[in-house]
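Undergrad: Structure provided below as structure tokens; questions to follow.
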Amino acid sequence: MTLDLLTTHYNYYAVALLLGIGLYTVIESPNLVKKVIGMNVFQTGIFLFFITLAFRNGGNPPVITEGAGPYVSPLPHVLILTAIVVGVSLTAVALALVVRVYSEYGTLDEDTLEQLYHD
Amino acid sequence: MTDVASLRPLFAVLVSAVAIPIILSLRSRPNVREGVTLAVAATKFGLVASMVPGVLAGTTYVTRIGEFGNGISLALRADPLGILFALLASLLWIVTSFYSIGYMRGLSEHAQTRYFASFAASLACAVGVAFGANLVTLFVFYELLTVSTYPLVTHDETDEARAAGRKYLTYTFGGGVAVLGGTALVYVLTGTTAFTPGGIEALATADPTLARAAFALLAGGFGVKAALMPVHSWLPDAMVAPTPVSGLLHAVAVVKSGIFGIARVVLDVFGTETMAELGVALPLAAVAAITLLTASVIALRQDNLKRRLAYSTISQLSYIVLGLALLEGDALIGGLLHIPAHAFMKLTLFFCAGAIHVETHTDDISDMAGIGDRMPLTMAAFAVAAAGMAGIPLVAGFVSKWYIVIGALQGGGLVFAAALLISGVLNIAYFWPVVYQAYFESPEGHDEKPLLSAPLGGRSGPRADGGGETEAYGDASAAETHDDAHGAETHEDGHDVESRDDGHRGHHGGPPASGWDVRGWRGAESTWFMLGPILTAASLSVLLGVVPRTAVFLRIVETVVGSLPGVVV
Amino acid sequence: MIEHLIVLLVVLPILGAAVPPLASLRYDRVGWAVATATTLGHAAFAAALAWTVWTDGTVRYAVGGFAAPYGIELVADGLTILLVALVSAVSLGVLAYARHAGPHANTFYSQFLLLVAGLSGMTVTGDVFNLYVFLEITGLAAYGLVASGPGARSAVAALKYLVIGTIGASLYLLGVGYALAATGTLNMADLSVKLAEVGYDSTLVLTAFGLIVAGLTVKVALFPLHTWQPDAYADSLDSVSAFISALVSTVSAYALARVLFSVFTVDFLEAVPTARWALVGVACVSIVAGSGLAVAQSDVRRMLAYSSVSQFGLVIAGFAIATPLAVVGATVHLVGHAVMKGGLFAVTGIIERRTGATTVGGYAGMGGRVPVAAGVFTLLALAMVGVPPAIGFVGKWYIVLGAVDAGVWPVVVVLLASTLLTLAYFARLGERLYFAEPTITSGSTAATDGGESVSTGMIVTVVVAAVLAVALTAAVPVIDQLIDQTVFELIRQ
């Protein structure tokens with residue numbers, strides 16, 4: 001039973017793992033760049049969740065031709081294309097901010113920044 | 001009872017609200033500014049007074065302002081109970097305005113513009129409280145009253161004043177929150193919050209536990225401003241405010257708005273019958289009785305005159321609450337009549353305290369021996385008002401207390417009647433020494449005040465400093481100059497109780513080195529800006545004591561109580 | 001034209017946002033003019049849409065002609081147009097403030113218009129994935145605006161905001177994924193039917209609810225997910241903090257309400273009491289903790305930020321209780337809070353420019369130095385405390401009525417106590433403004449800021465906010481009726 005779940009639902013374990021790693025990095029790492037990376041990993045987990053959600057055994061690509069069904073659901077792919085675009089722009093903005101912080105303070109360490117504030 | 005749509009209640013509220021920006025803009029022209037205050041006060045009184053005959057004839061003036069939605073309207077309604085409070089507040093505002101001018105200028109106080117503007121705002125709110133047609137409208141003005149009186153309490157801008165202001169806000173907003181909760185409960189239980197003589201009917205059939213909770217919240221919330229124990233302690237602290245504020249607001253407008261709220265809850269929200277059914281009247285009466293006795297006892301031991309008056313106020317306010325809680329026709333009349341009666345008398349007393357402060361910078365009773373020479377008229381007015389407080393005939397307090405006691409006896413509340421009588425004796429005990437030593441003693445020769453100076457329980461005899469506390473020595477030097485003034489009559493251990501107090505407070509009260517001047521009885525003791533209001537207020541209390549019906553207030557009260565179903569007068 | 005109004009609300013600001021960067025090639029400071037013209041157009045569309053909804057009821061629009069549930073649907077009901085009108089009004093107010101206060105860069109106004117577009121999109125959309133996209137557009141614009149402050153400190157605040165905000169939005173997206181897996185649809189109206197068919201006890205549905213609510217709660221900044229907010233509000237420019245404090249959390253709270261009523265519906269809340277009371281519980285904790293943190297702040301703008309945490313607790317509590325009275329109350333408080341908090345942030349900007357005061361201690365004695373600003377601050381603070389007849393009172397009153405009606409006594413106690421908690425942090429400012437000796441003397445004025453001046457437009461903006469804080473009370477019956485007419489079927493009991 002357990003083995004069965006493991007083999008049929010392994011995609012969800014991957015998703016959970018990615019989400020966990022991402023969230024952990026965001027919370028735990030004091031390095032701002034690593035936080036951004038963690039954020040990306042977290043989002044990737046969600047993308048994977050949607051894409052694998054669309055899959056069905058024996059499904060064909062959703063290009064309608066005579067007698068080709070069943071198809072995999074095209075909707076999540078479309079959604080995730082949008083979400084990836086959003087993710088890329090977010091990462092771009094985040095990295096721009098990181099560059100600005102580094103040029104001003106010369107550090108990317110959150111704790112050091114905190115200390116700089118208090119001095 | 002007929003309802004007439006009229007803008008007069010609205011104008012009565014607005015007239016002083018409109019005056020606020022005018023007063024604020026006249027910062028640099030104090031004479032015009034005070035002129036505006038007086039004109040507005042007179043207009044306000046005129047507007048309120050013009051509704052009195054109609055109200056006595058059974059007309060109710062109603063102004064609908066707007067709606068909160070859900071059937072709760074923002075409306076003003078001049079009914080007999082409202083007109084009682086509004087008439088009182090607006091009448092005494094005129095008197096107090098004159099007095100304020102004398103007081104504020106006599107002391108060259110700062111921020112007088114803010115003072116007069118806040119005063120006008122407070123009065124607008126007080127009349128709004130009086131005319132609020134439902135609990136929500138009343139609450140609106142009740143909260144605004146808190147806000148507009150805060151600058152007056154904190155007027156001094158000292159740490160003490162700020163602390164008092166904080167306490168004031170915390171207590172009164174806390175009460176406000178309880179009122180809001182109670183109002184919400186009443187609305188949910190009955191679908192209305194409109195005041196109905198005899199009570200909202202649906203409350204009688206509502207879930208009794210929730211109805212009791214609503215009553216507890218409302219009475220408790222209003223009880224904060226009415227200074228019921230144990231939520232009274234903001235009032236003595238608020239005495240740090242200028243005396244006219246203590247006089248008009250902390251003896252009339254603010255505290256009475258709390259009392260008035262309780263009256264509305266008892267008469268027009270729950271109604272006497274529902275109250276009796278729910279069994280909530282007795283606890284309220286008990287709280288009132290305990291408060292009036294305890295506060296009287298505490299008052300005995302206050303040396304600062306204003307603080308003594310504050311505790312006296314706490315005690316007297318509970319007379320009113322007790323009168324209301326007894327639910328008997330006569331007790332209701334007495335309780336409601338005590339609203340104006342106490343107002344006139346306590347205003348007189350506060351004005352006297354203020355006049356003494358302005359003229360001699362004396363705040364403590366123990367410094368006032370022989371002050372009758374210096375301020376004969378003031379102290380005479382004080383004596384009259386004090387007699388009234390104690391319930392001596394021919395002064396206003398007698399009439400109202402008479403009704404309450406009769407009501408208490410009729411309702412079988414022997415305990416409450418006894419509490420009232422004991423408190424009357426205590427009243428004499430704390431006022432008589434002030435009057436006695438003013439006229440019949442001199443700074444050089446006056447008795448000990450054991451109640452004031454001895455520790456509780458009388459452990460170490462009549463002297464506070466007899467215990468040999470080390471701090472007493474420090475005080476001795478601080479008070480040395482003062483002692484010299486006492487001349488030959490030095491006490492055996494070199495300094496007396498009074499001067500000890502002086503050393504603590506560091507003010508320069510008390511008689512001058514040569515003893516009090518003798519100023520005679522023709523008004524040389526102070527300005528007529530202060531003497532006039534003092535004598536007016538004293539005369540009003542006598543007038544209400546001698547001809548209560550002609551003085552209109554008893555007639556209004558009888559109209560109020562007469563219109564209640566199920567109450568036999 | 002008239003039937004495209006609803007989509008124009010989003011399209012117009014996006015088009016407007018493209019203009020300033022292009023114009024930068026030739027002109028330096030056209031951003032403000034473009035933004036103002038666009039926002040005025042937006043306001044006109046909003047007014048026309050409001051009129052349509054008021055007369056004809058709920059408006060539905062299929063984007064690109066693809067019919068729901070397959071296409072993206074835009075929906076405007078009474079709640080929507082209130083929020084759209086709020087977005088328009090606040091944007092205009094902020095523009096009036098920013099004309100002098102700056103910043104003047106063209107790109108700033110691009111971001112400004114993108115934010116308006118994102119917020120409008122969030123309010124009108126009837127599709128949960130579309131909501132995610134607008135959530136992110138709003139977020140991106142807001143991060144950029146926060147970072148537009150001087151110094152890198154605002155960049156740090158923006159980065160923090162970005163990371164936490166993105167996690168929140170991603171959680172929302174994940175929740176949408178669960179809902180999609182359960183029902184196969186993304187249309188809100190369709191979802192509400194299909195979720196019921198799947199069954200409210202289904203793990204998929206419950207997980208979707210938890211993730212969506214958690215994600216939006218981050219955006220609303222309820223305790224303990226508020227940590228991005230104080231920095232973002234306190235370290236950004238005054239124009240920006242007034243703008244985002246008034247709108248971003250507000251529209252997110254609206255989105256949460258939309259999800260509660262249009263997607264999951266009151267039936268879900270009835271069927272899964274744990275979900276409802278968990279949300280109410282978080283809201284109540286937020287009220288208390290936000291106030292506590294606000295009291296502990298010495299920086300006025302941080303204090304106001306924590307105040308938002310507390311006030312949104314009230315709003316969300318109202319929505320989660322979900323009786324008609326409570327929903328009206330939450331809506332009134334949502335709109336009222338936006339006006340009050342935006343005004344408060346703007347007025348702190350004025351006081352800082354005039355006197356250099358930014359801390360609670362620094363505000364001492366400023367009542368005499370900047371009488372109008374101090375007066376506005378005091379009035380808005382009193383309105384926020386809930387002194388009647390200001391709007392802050394009315395919202396609270398309705399929420400309390402709703403809670404009493406629902407018989408949830410602990411919540412009633414917290415709601416009532418919130419008045420005192422709010423008083424706790426505002427009273428000390430009022431006291432210092434008027435009844436204390438100044439700690440900042442005029443000599444040292446604003447040397448730090450180069451003595452920036454204050455324009456009439458800025459003063460007028462905050463005075464209008466103060467007037468609205470009281471005058472909106474008169475509009476409450478209208479709001480009541482709007483909710484009653486168009487949202488009532490969603491919150492029937």
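Backbone N, Cα and C atoms are what each Cβ position is placed from, and that goes for glycine too.
A TrEMBL annotation is a machine prediction, not a hand-curated record.
These came from TrEMBL, pasted as-is:
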- C:6-23: transmembrane segment (TRANSMEM)
- C:30-54: transmembrane segment (TRANSMEM)
- C:74-96: transmembrane segment (TRANSMEM)
- C:108-125: transmembrane segment (TRANSMEM)
- C:126-422: domain 'NADH:quinone oxidoreductase/Mrp antiporter transmembrane' (DOMAIN)
- C:161-184: transmembrane segment (TRANSMEM)
- C:204-225: transmembrane segment (TRANSMEM)
- C:237-257: transmembrane segment (TRANSMEM)
- C:277-296: transmembrane segment (TRANSMEM)
- C:303-328: transmembrane segment (TRANSMEM)
- C:372-395: transmembrane segment (TRANSMEM)
- C:407-427: transmembrane segment (TRANSMEM)
- C:458-479: transmembrane segment (TRANSMEM)
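Relative to the rest of the structure, where do these features sit?
TA: Within the chain carrying the transmembrane segment (C:204-225), a Cβ under 8 angstroms from the stretch's Cβ atoms is held by residues 128, 135, 139, 164-165, 167-176, 178-179, 181-182, 195, 198, 248-249, 252-253, 255-256, 259, 263-264, 268, 272, 275, 279, 282-283, 285-286, 289-290, 293, 308-309, 312-313, 316, all 6 or more beyond its ends.
When Cβ-Cβ distances below 8 Å are used as the criterion, the transmembrane segment (C:277-296) is approached by residues 213, 217, 222-224, 226, 303-304, 306-317, 320-321, 408, 410-411, 414-415, 417-418, 421-422, 424-425 of the same chain, each at least six residues removed from its ends.
Beyond its flanks by at least six residues, the transmembrane segment (C:303-328) meets 217, 220-223, 226, 229-230, 232-234, 245, 249, 253, 256-257, 260-261, 266, 269, 276, 279-280, 282-291, 293-295, 297, 334, 337, 341, 344-345, 348, 360, 384, 395-396, 398-399, 401-403, 405-406, 408, 411, 414-415, 418, 421-422, 425, 429, 479-480, 483-484, 487-488, 491-493 of its own chain at Cβ-Cβ distances under 8 Å.
Same-chain neighbours of the transmembrane segment (C:372-395): 307, 311, 314, 318, 329-330, 332-337, 339-341, 343-344, 347-348, 350-351, 354, 366, 418-419, 422-423, 426, 429-430, 433-434, 459, 462-463, 465-466, 468-470, 472-473, 476, counting only residues six or more beyond its ends whose CB sits under 8 Å from a CB of the stretch.
Within its own chain, the transmembrane segment (C:407-427) is flanked in space by residues 280, 284, 287-288, 291-292, 294-295, 297, 303, 306-307, 310-311, 313-314, 317, 321, 381-382, 384-386, 396, 399-400, which lie at least six positions past its ends and keep a Cβ under 8 Å from the stretch.
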Undergrad: Using a cut-off of under 8 Å between C-beta atoms, tell me which stretch among C:6-23, C:74-96, C:161-184, C:237-257 contacts the transmembrane segment (C:30-54) the most.
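TA: Per the Cβ under 8 Å count, C:74-96.
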Undergrad: What stretch in C:6-23, C:74-96, C:161-184, C:237-257, C:458-479 has the biggest tally of Cβ pairs under 8 Å against the transmembrane segment (C:108-125)?
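TA: Looking only at C:6-23, C:74-96, C:161-184, C:237-257, C:458-479, the most contacts with the transmembrane segment (C:108-125) come from C:6-23.
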Undergrad: Between the transmembrane segment (C:458-479) and the transmembrane segment (C:74-96), are there at least three Cβ pairs closer than 8 Å, leaving out pairs fewer than 6 positions apart?
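TA: Yes, since the transmembrane segment (C:458-479) and the transmembrane segment (C:74-96) share at least 3 Cβ pairs closer than 8 Å, they count as touching.
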Undergrad: Restricting to the same chain and to residues at least six past its boundaries, which positions have a Cβ under 8 Å from a Cβ of the transmembrane segment (C:161-184)?
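TA: The answer is 128-129, 131-132, 135-136, 139, 142-143, 146, 190-191, 194-195, 197-198, 202, 204-205, 207-219, 225, 227-229, 231-232, 263.
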Undergrad: The transmembrane segment (C:237-257): which same-chain residues, six or more beyond its ends, come within Cβ distance under 8 Å?
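TA: Residues 79, 83, 86-87, 90-91, 93-94, 97-98, 101-103, 112, 115, 119, 122-123, 131, 135, 138, 142, 145-146, 148-150, 154, 213, 216-217, 219-221, 229, 301, 304-305, 308, 312, 315-316, 319, 327, 330-331, 334-335, 337-339, 341-343, 345-346, 348-350, 352-353.
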